[in-house]
Amino acid sequence: MAGNSKRRGAVRKAGTKKGPTVGSGGVRRRGLEGRGATPPAHQRPNHPAAKRAAKAAKQQQRRPARKTDETELVLGRNPVVECLRAEVPATALYVAMGTEADERVTEAVQIAADNGISILEVPRSDLDRMSNNALHQGLGLQVPPYDYAHPDDLLATAKADGAPALLVALDNISDPRNLGAIVRSVAAFGGHGVLIPQRRSASVTAVAWRTSAGAAARLPVARATNLNRTLKSWADGGLQVVGLDADGDTTLDELDGTGPVVVVVGSEGKGLSRLVRENCDAVVSIPMAGPTESLNASVAAGVVLAEIARQRRS
């Protein structure tokens, strides 16, 4: 129709959701291009995996790296005196102000002075802080990390003694107090050394030093890279490998401990690991009259060592 020849078609209103009335002229063409591969989950900021990774990284930054050469603080009068007598290369002796000077304190100060070890008198509160409020009896001795022996050194110690070897190996013992108490018992009953795994085991820390009452300065403690391999080597060398477990099929009364022997002590909770148990010549249990299911690992080790010492005296 002539009157409608110039009529405009429908025109989209500006600002509607469908966008402008005309094209972008290619300005937004990039939006049509692919965005590439989806990044891994830990690289997507809002993904739970990314949040976990960020949290772990922050915790790692906060956690101080453990120094391989950090010193230990041996606490208590007997442990300190035993370390000094054994000529452990200590760097400082701390004496709390007001400490009563008995024979052990006097001896500790005298040995330290004779060997050029720094003697520092400090407020008791300072020694409390340095020891994390552990019992120190007014004395603390700063010593380097424990110098572990080689497993072969334990056999050499027994050979030099001229007596049948009496060794103790620990399996799954993670409490340093148990380690210290066992070291003390081994020394008390004529043993020649203690063997611990290099990994997943308690180590000779200041806590173990104190619990051992200084016996760790006299008795060698060795570390084994592979406990089972070392036990097999000792068995090939003539040692009887005796496991100690509440479910053992042999009672302590039936054990012959007069020959060379290594007693393997498992933890109170886990007991002996499967491979260690398989490598034992015998697994011994301690007969008990009461309803107690098991003894603490260090107590059980002491009972067995006392029985072996009795047999060897007979």
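Each Cβ is built from the backbone N, Cα and C atoms, and glycine gets one as well.
Annotated in Swiss-Prot:
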BINDING   G266, I286, L295  S-adenosyl-L-methionine binding site
COMPBIAS  1-16  compositional bias 'Basic residues'
COMPBIAS  49-65  compositional bias 'Basic residues'
REGION    1-73  region 'Disordered'
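A 10 Å cutoff on Cβ-Cβ distances gives G266 (S-adenosyl-L-methionine binding site) a total of 23 other Cβ atoms nearby, all chains included. In this structure, G266 (S-adenosyl-L-methionine binding site) is part of a beta strand by DSSP. Around I286 (S-adenosyl-L-methionine binding site), the same-chain residues six or more apart in sequence whose CB sits under 8 Å from its CB are L244, A246, T251, L252, L295, A300, V303, V304, listed in sequence order.
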